[in-house]
């Protein structure tokens, strides 16, 4: 078994993402793969909406490293397949979306739903069951209001379920608000952040940089090398 990677926590604006968390609906502790801001250029200013942290189960490192010996951060960042493997890999993922600006649950869920349904219809994979899941997804969010500092939390299980939880104060609750059994939606939520057209390039950059270091460390340790890189000097500021 691969030991828990030694990672640092990260701060995005005023949001602190700890180095590991135990997500709602999970029995595992997951490590912080990367974190970054989500924003948009509005009238010449970059307006920041949310900070996003992506956590992964320990076994993600050997699985991702197997195909990517010696890849640079830039090569990982340019690789659609690398991020696709994070999205679809057989390990648990946890995505924390914390508000910098206020947002209503209705605004958030409608945007995510629209995007998912659009992609599924384009791929010809949209079904009645997906329609039912999307209705449930919209229902969970409809009365929620997210003030700055509050979070939307998604636990993506390799068995195909999506656990959704809300936090008003930065703590991670133990109980879930809802569990949806739909693998496509479970993957789509994380893909919307780090996929080919993901909304947070900063989170992708952070993941590529930190996972590159961790995969290098894993390769060296598996090759019996005693030279373990000092990750602190490469960590994202």
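Cβ atoms are placed via backbone N, Cα and C, with glycine included.
Taking the Cβ of residue 50 (substrate binding site) as reference, residues of its chain lying under 8 Å away and at least six apart in sequence are, in sequence order, 37, 38, 97, 98, 99, 100, 101, 103. Look at Swiss-Prot and you will find 50, 192 tagged as substrate binding site, backed by similarity to another entry.
Under DSSP, residue 108 (site 'Important for catalytic activity') is assigned to a helix (H, G or I) in the three-state scheme. Taking the Cβ of residue 108 (site 'Important for catalytic activity') as centre and 10 Å as the limit, one finds 18 other Cβ atoms among all the protein chains shown. Summarising the annotation, Swiss-Prot assigns site 'Important for catalytic activity' to 108.
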List of residues, in chain order, with Cβ under 8 A from that of residue 192 (substrate binding site) and at least 6 apart: 112, 115, 116, 198, 199
